[in-house]
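Taken from TrEMBL, the feature disulfide bond applies to Cys148-Cys189, Cys149-Cys169. Taken from TrEMBL, the feature transmembrane segment covers 16-39, 51-75, 87-108, 202-230.
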Amino acid sequence: MMSCGELFLKGASSTFTGYFLIVSIAFLLYGLTTTYYLLKSNTAETLEEELVSLPSLCLILFGFLLFLFIILGCCGICREIPCCLETYAIFLALLAAAQLGVGIFALVNFDPSNEDFQKRIHDDVGKMFEIYYNNRTQLDNTQQWMKCCGVTDDGPSDWLQNRTIPSSCCENSYQNCTIFSESIYHDGCGQTLYFYIVGTNYIVGLALVVTAVTELIASVMGIGLSCAFWRNSRVMWI
């Protein structure tokens, strides 16, 4: 018969697995969404040099691994199998360590006060603007997905220097997009894209760090519960 402490450990561990199930699904959904937006809105050079999509890609991987570990943990808790529970606890601790690393990386590298990073993103959007008539796809994607227009805070006014405003500057991509269109986007893409990159990655960083702490707690509880299962199994054999 299990003691009150063992019952608490089992109940808490079961609660954690339910919580981690929700977290793993949230990680997968948020990671897939943000990765798609980042891939659509940034140049290959930005993705490679600034690693803007790395935290989101890691979030997808962590969500998938966490889901697998939950299955192992549920088997160990429900069927009271110490080996499964110990494996679950060890893998959970390793996952927490990896999440802490990526989380800290995201928080440090995508700090909202990083003016150098903001300038680099702004310059990248400026390059897309300069070569627009040679390569329309990239800036059109950025304007459509980020709901922005132009480069600077002047927004659509950037296009008025002997250029026509592209349809991607208007909602639903109307063919005749003008400065007077009601559906035109008013925010410049340099600032909008920067805030999206920083905001999403900062959220990913915070989520990974907080989840890693709870995973470490759950890992310790899992080891404790495993010891209780081993002790009870020895008592049954005596």
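Each Cβ is built from the backbone N, Cα and C atoms, and glycine gets one as well.
TrEMBL labels come from automatic prediction, so no person has curated them.
Model, not experiment: these values are computed from the prediction.
Taking the features listed in TrEMBL, we show where each one sits on the structure.
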{"residue": "Cys148", "record": "disulfide bond", "DSSP (3 states)": "coil"}
{"residue": "Cys169", "record": "disulfide bond", "DSSP (3 states)": "helix"}
{"residue": "Cys189", "record": "disulfide bond", "DSSP (3 states)": "helix"}
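With the fewest other Cβ atoms inside 10 Å of its Cβ, the least crowded of the disulfide-bonded residues Cys148, Cys149, Cys189 in this structure is Cys148. Cβ neighbour count for Cys169 (disulfide bond) (all protein chains, 10 Å cutoff from its Cβ): 29. Counting same-chain residues at least six beyond the ends of the transmembrane segment (87-108), those with a Cβ under 8 angstroms from any Cβ of the stretch are 54-55, 58, 62, 65-66, 69, 72-73, 76, 201-202, 204-209, 211-213, 215-216, 218-220, 222-223, 226.
Cys169 (disulfide bond) sits 6 Å from Cys148 (disulfide bond), taking the C-alpha atoms as the reference points. Within its own chain, the transmembrane segment (16-39) is flanked in space by residues 47, 52-53, 56-60, 62-64, 66-67, 69-70, 73-74, 77, 145, 196-197, 200, 203-204, 207, 211, 214-215, 217-218, 221, which lie at least six positions past its ends and keep a Cβ under 8 Å from the stretch. In this structure, the CA atom of Cys149 (disulfide bond) is 6 Å away from the CA atom of Cys189 (disulfide bond).
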